[in-house]
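What follows is a single structure, written as structure tokens, with notes after it.
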Amino acid sequence: MIIRSPAFHLCYNIARQAKLANQIYYQVITTHSYLVKYPENNTNPSFKDKYYDSNNVNLDVLPLLHQNGFLCDQFSLNKIISTCAKLGLFTVGIQTHCQIIKIGFDSNVFINTALVDMYGKCGVIKLAQKLFDEMPERNVVTWNALISGYLDIHYPENAVAMFLEMLREGISPTPSSVSAVLVGCTQLEACELGAQLHALIWKAGFALNLVVDTVLIDMYSKCLDLETSRRVFDQMPERNVITWTSMITGYAQKQCPFQALTLFKEMLKLGIRPNYVTYSSLLNSFSCPDYLVHCEQVHCHVIQQGFNTNHYLVVTLLSVYSECSCSLEDFQKLCSDTMKWDEISWNAVIAGFSNLAVGGQAFACFARMRRAGFTADHYTFASILKAIGNISGLGEGMQTHCLALKTGYTFEVFIQNGLLSMYTRCGRLEEAERIFSSMEERDLISWNSLLTGCAHHGYGRDVMVMFEEMRRCGIKPDLTTFLAVLSACRHAGLLDEGIKYFDLMKNDNSLPPPKLEHYACIVDLYGRAGHLLEAEAFINNMPIEPGPSVFKSLLSACQLHGNKELAIISSKKLVELCPNDPATYILLANVLASEGNWNDAEGQRKLMLDRGLSKKPGYSWL
């Protein structure tokens, strides 16, 4: 029989406890790393119950590791602090900091750097700055950690100031340093500062660094200097999918869809596989009916690459299709393909129906969203108010107004603008003026909403008074403002005033050239006043090609004043531009009938029928 001594049992117990602690430590650290990398696989309730509380590490584990001597080396402490930084475990992090001070590692530059990074990522930047100031030794990684901490909480001014102080102290920056400060320049939209940093990048030898160049492209793009951004892109010896996506995003943000599409095709030719962000950026550059075909082509490519179930892309497709005025059937098909219904999905669907002017369905979706327990945010209110305005749904609008008051969103300017536009579209100008008067801050959209509403309801003189008041308040009018004023002059028959405001708009070099609808207003003004020859001369001297709206205004004036010759000229132009528009034939037939030319009028209606056209019947909601 073998007799085991007490010393043997002691050694055996120590070894067993050490092995147990080692297993616990390994499980904690590796599982933290795994869950950070693959959060969707966190499905093991037994492990969560054992090592986690609500969503953090079970604090009982760390004392156990300390008791067994596993929190006395630099590697272990750095691993714990790094885990706290990744998961935002501030409570665990600060307790670990206390332990670090207790065991004498508070002067270690590597551990202190990890602590600065942890406090920054947990959003407690004051503690990060305090620890940084008390550190007896710092390296460039320490400075980078604090700069990134300020950027994470959107204090780019402080990040730039820290970078400049780092340079003054003679610390040579790394690619991570300049990349972080470029992000700060992007947040500040400080293109000039970014250009100075670009010069420093060349001087420091980072000009060919892939990460630095990619951040440079993003910075210049968001500062609206696409020319320089493209120059950096073209000079890069190496590019990855993030680089291509950044350049495509730059074109998309500046509404340059063809350049973005060309770059996308070039990317595919080089064999670089786009990610979902690439597709989303490209799709967001399509924002009008002219680009619907391109949107459909990119959508086909999305399906081919297997991204059609990506929630982020599905929401983008919903928004873009509606902005490109797709058919209601196509949009409803996209809605039925939506797999995940959250606030973002509901908002995209409501905004889509609103963009397609299907206000009833938008409000029905809003009601379903509320019944499903989702809370409306400012984006929801802006979309639903637009939809209600489209259908002049005063009752629904007042209910939505009450809900916005209850949830506290009526203090936001764009919600007030939405309410203002909704009430003017519903004909409740008194309510609109009351909201306008109560607004502490009014922007251009506020003024445009009120001016457009008053113009639509025939208050021409009031619109001109408000326009002059707007200019006195220092709000610079845009083309939409002038269109509202010209429409008001047209409805009120104010020819001289309309021409005066048109000349004011045309001679303002800070504004884009007038659009077709502005010219159509002036033609209508001349026509209503009976100055048909002046209207014809105005059309002939237009610097842009006259469109259907211009000739329809002239043809309507010919019907009003019985000018057969000019009506025939106008109708011929209209038939050339819109051969399938029945309104052209109806207008000309009415002019001929008013002159007593019944046979010619009948001939126009027969021609319309022979071409398979029919007048759409009018209807009323009343």
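Cβ coordinates come from backbone N, Cα and C, glycine included.
Nobody curates TrEMBL annotations by hand; they come from automatic prediction.
Residues or ranges marked as repeat 'PPR' by TrEMBL: 139-173, 240-274, 342-376, 412-442, 443-477, 478-512.
With a cut-off of 8 Å between Cβ atoms, the residues of this chain six or more beyond the repeat 'PPR' (342-376) that come close are 311, 314-315, 318-319, 321-323, 325-326, 328, 331, 335, 383-384, 386-391, 393, 396, 400, 403, 407.
If you take every residue in the repeat 'PPR' (240-274) and average the pLDDT, you get 93.
Within its own chain, the repeat 'PPR' (478-512) has Cβ neighbours under 8 Å at 444, 447-448, 451-452, 454-456, 458-461, 463-464, 467, 470, 518, 521-522, 524-526, 528-529, 531, counting only residues six or more beyond its boundaries. Break the repeat 'PPR' (478-512) down by DSSP state and the numbers are 26 helix, 0 strand, 9 coil.
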